[in-house]
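Worksheet: one structure, shown below.
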Amino acid sequence: MPILQPKLMKQLMKFAIFGNTYQPKKSLHALRLFELLKKQGAEICMCREFYQFLTADLKMEVPVDALLEGNDFTADMVISIGGDGTFLKAARRVGRKQIPILGINTGRLGFLADVSPEEMEVTFEEIQAGRYSVEERSVLQLICNDRNLQESPYALNEIAVLKRDSSSMISIRTAINGAYLNTYQADGLVIATPTGSTAYSLSVGGPIIVPHSNTIAITPVAPHSLNVRPIVIRDDWEITLDVESRSHNFLVAIDGSSETCKETTQLTIRRADYSIKVVKRFNHIFFDTLRSKMMWGADGRR
């Protein structure tokens, strides 16, 4: 695991804030966040959807300097306040900008958004002092042979191919760098980064992969054969998928955003040519987070 050096930032920073719009009670943490940032003299920008949710729906007074429209914005750091889903949406908006993203967890599990509301004050003191780390997380790219996707073709967590409009399984012919691997008879197939290995991939039996492992996990969803198991490959290898379905279509989900493809569509999945920068507290250790979130060693008898 690489040793990450602290990043020294200027005293006055510009923060771009993204949040979810369906947790009214937990949105009170946003007020504390604004208070901390203004105390540091920071410039606050906010996505318009979150701003309207706080001001129009919750009647909050929000001290913002500018509203963000679309994906055309600049900032020293992006703050995602919500769960991992909110973090993924923020990462999609950041795209290739290489702006580091800090996740404040007001959701449930939170592997990406792992700073608790109780840790906000000390975390921003550390950021002000330059005592934090930035981790580079790999991204997957999806290419279709016959169409352009309506959503972004990039995934920080995973790309999933799933059945649609039928209870019958789909058939997914899978090749790695042109070499035939297997034809999966299953409800779907999940292609995950190390970051995504603790998300959907884990729930369907995929392996937990340490960040910076430079790998991709391929895990079937409810396979027909008990002999089929997940496989981990290098992330500089290319995956090609050809799908057959009784409904003649299938679903592609990219970090939770989905759309329908025809079974004539061939999918190519490869590592993207950019990464997402994730802000972590300087004393952050992945294994501590893993042990805590997965409750390893917890004894319910006590």
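Numbers here mean position along the shown chain, with the first residue as 1.
Each residue, glycine too, has its Cβ placed from N, Cα and C.
Per Swiss-Prot, the features are as follows:
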BINDING   D84, G85, K89, N157, E158, D187, T198, A199, Y200, S201, L202, S203, A222  NAD(+) binding site
ACT_SITE  D84  active site, proton acceptor
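Positions of the features from Swiss-Prot, shown on the structure.
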| residue | record | Cβ neighbours (10 Å) |
| --- | --- | --- |
| D84 | NAD(+) binding site | 26 |
| K89 | NAD(+) binding site | 20 |
| E158 | NAD(+) binding site | 26 |
| T198 | NAD(+) binding site | 24 |
| Y200 | NAD(+) binding site | 21 |
| L202 | NAD(+) binding site | 19 |
| A222 | NAD(+) binding site | 12 |
